[in-house]
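Enquirer: The structure follows.
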């Protein structure tokens with residue numbers, strides 16, 4: 001009975017530690033490339049590079065719209 005209790009507590013502690021580490025990993029600082037300023041509306045958006053860089057998130061006919 002005691003062994004079962006100890007095992008349950010150990011599993012719960014490990015689960016909490018795992019969630020804490022995962023949460024910190026999601027909030028990690030982005031690399032320098034990801035910190036670039038976004039492109040304002042009416043400016044050229046480089047959708048061909050595969051990354052959308054418009055502040056609004058919309059690129060229509062290679063122009064940022066929003």
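Any Cβ shown, glycine's included, is placed from N, Cα and C.
From Swiss-Prot, here are the annotated features:
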type	residues	note
SIGNAL	1-22	signal peptide
DISULFID	38-55	disulfide bond
DISULFID	45-59	disulfide bond
DISULFID	54-64	disulfide bond
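A description of the local structural setting of each listed feature is requested, covering burial, neighbours and distances.
Expert: In the three-state DSSP scheme, residue 38 (disulfide bond) falls into the coil class. Contacts of residue 38 (disulfide bond) defined by a Cβ separation under 8 A and a same-chain sequence distance of 6+ are given as 53, 54, 55, in order along the sequence.
Around the Cβ of residue 59 (disulfide bond), 19 further Cβ atoms fall within 10 Å across all displayed protein chains. In the three-state DSSP scheme, residue 59 (disulfide bond) is classed as strand.
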Enquirer: Using Cα coordinates, what distance in whole Å links residue 64 (disulfide bond) and residue 45 (disulfide bond)?
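Expert: Cα-Cα, rounded: 6 Å.
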Enquirer: Give the helix, strand or coil assignment DSSP yields for residue 45 (disulfide bond).
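Expert: DSSP assigns residue 45 (disulfide bond) to coil.
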Enquirer: Within 10 Å of the Cβ of residue 55 (disulfide bond), how many other Cβ atoms can be counted across all chains shown?
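Expert: The Cβ of residue 55 (disulfide bond) has 14 Cβ neighbours within 10 Å.
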